[in-house]
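Structure, as structure tokens:
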Amino acid sequence: MRRCMPLVAASVAALMLAGCGGGDGDPSLSTASVSATDTTTLKPAATSTTSSVWLTLAKDSAAFTVSGTRTVRYGAGSAWVEKSVSGSGRCTSTFFGKDPAAGVAKVCQLLQGTGTLLWRGVSLAGAEFGEGSLPGTYGSNYIYPSADSVTYYKNKGMNLVRLPFRWERLQPTLNQVFDANELSRLTGFVNAVTATGQTVLLDPHNYARYYGNVIGSSAVPNSAYADFWRRLATQFKSNPRVILGLMNEPNSMPTEQWLSGANAELAAIRSANASNVVFVPGNAWTGAHSWNQNWYGTPNGTVMKGINDPGHNLVFEVHQYLDGDSSGQSANCVSATIGAQRLQDFTTWLRSNGYRGFLGEFGAASNDTCNQAVSNMLTFVKNNADVWTGWAWWAGGPWWGGYMYSIEPSNGVDKPQMSVLAPYLK
């Protein structure tokens with residue numbers, strides 16, 4: 001799906017074209033971290049053989065404390081040793097009885113329980129804008145949100161910012177070093193936001209493409225995207241408040257081709273000894289409603305069970321809109337219950353296969369039906385927190401102008417949708 005629309009930037013005199021936020025249009029349709037003292041019950045399926053969520057608890061040699069008896073692991077990258085810990089412990093090979101990764105810096109991570117969503121936040125768009133002008137000019141074609149703007153969302157109760165950006169700007173040439181200026185913008189935002197206790201979800205907003213060439217093709221082999229992620233993971237592996245989102249909305253490719261690329265990228269991330277949580281999308285714009293459908297090829301629900309994370313710390317990211325074709329281009333929502341309905345099959349898949357999910361994009365205009373649909377959707381996610389880890393609204397950011405889904409405040413005034421989200425931020 002393509003959600004392109006004109007926008008107004010305060011720093012730019014003319015109207016510009018925004019980069020497309022994503023979505024999951026389906027042609028078959030007609031119409032932050034949790035603290036060490038978290039005491040929620042462990043999800044039975046969350047083991048090292050399925051989709052666990054491990055959040056960093058302590059750095060090498062540091063002491064830590066857990067409430068009750070919890071599963072803690074010690075290591076780095078893909079090398080770990082697990083231990084059931086009651087009370088206090090220390091992030092050392094002596095305490096865990098083994099050095100799983102000799103010669104590298106290690107951390108201790110806590111296996112997260114269920115019952116409370118880990119992340120609730122918003123995509124702050126801007127750095128992915130101007131996709132027709134790559135790499136483009138900063139301040140004219142695209143903009144990073146300011147770290148200060150995140151304070152508004154934090155004060156509302158959000159603890160996660162999803163940051164869309166373009167691969168081509170960060171790495172203008174495949175397999176080569178990152179552009180210093182773009183890297184500075186990216187790391188500056190991430191470091192400032194995570195320093196306040198927020199989590200940042202990195203989102204290469206490229207639809208599984210680089211200058212229009214699909215990942216897994218001869219022009220953009222899997223090894224090139226693996227190189228990108230190896231470099232990016234190295235930048236942020238010491239920051240446990242950074243989540244690595246593999247890609248925004250892969251589409252129009254064999255699902256098997258996307259799986260191959262995703263597995264290559266996961267291997268590259270873990271080879272950099274990065275222990276961060278990784279969010280993995282599916283094919284077909286990673287639509288929740290179409291996860292088990294075959295109109296785009298072999299269903300995600302079949303193929304993505306072949307995912308292989310050597311670090312055993314992944315979450316599946318899906319997107320879901322509420323209009324007739326799930327594209328997120330309409331102000332109308334199908335019904336007050338459509339959001340929960342469209343998440344149902346994916347939720348069953350998560351639970352049946354021992355995985356966890358994150359609702360990485362959803363949004364709607366402000367009207368009675370849509371407000372009810374959003375509320376029912378978020379209630380559904382909350383009530384299924386044994387497999388759901390959280391959500392991020394699409395979108396906020398400085399250049400949206402009158403975009404119907406935007407929750408960026410206008411002159412300090414909340415957008416109407418914020419009142420719908422507010423009960424789920426307590």
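Sequential numbering from 1, following the chain as shown.
Cβ coordinates are placed from backbone N, Cα and C, and glycine is handled just like the others.
Bear in mind that the values here come from a model prediction, so they are computed numbers and not experimental data.
Annotation comment: Swiss-Prot describes Glu249 as active site, proton donor. The active site, nucleophile annotation in Swiss-Prot covers Glu361, and the record cites similarity to another entry as its basis. The annotation N-palmitoyl cysteine is assigned in Swiss-Prot to Cys20. What Swiss-Prot lists as S-diacylglycerol cysteine is Cys20. Residues or ranges marked as signal peptide in Swiss-Prot: 1-19.
Comparing local CB density within 10 A for the active-site residues Glu249, Glu361, the maximum falls on Glu361. The CA atom of the residue listed as 'active site, proton donor' is located 10 Å away from the CA atom of Glu361 (active site, nucleophile). A strand conformation is recorded for Glu361 (active site, nucleophile) in the three-state DSSP classification.
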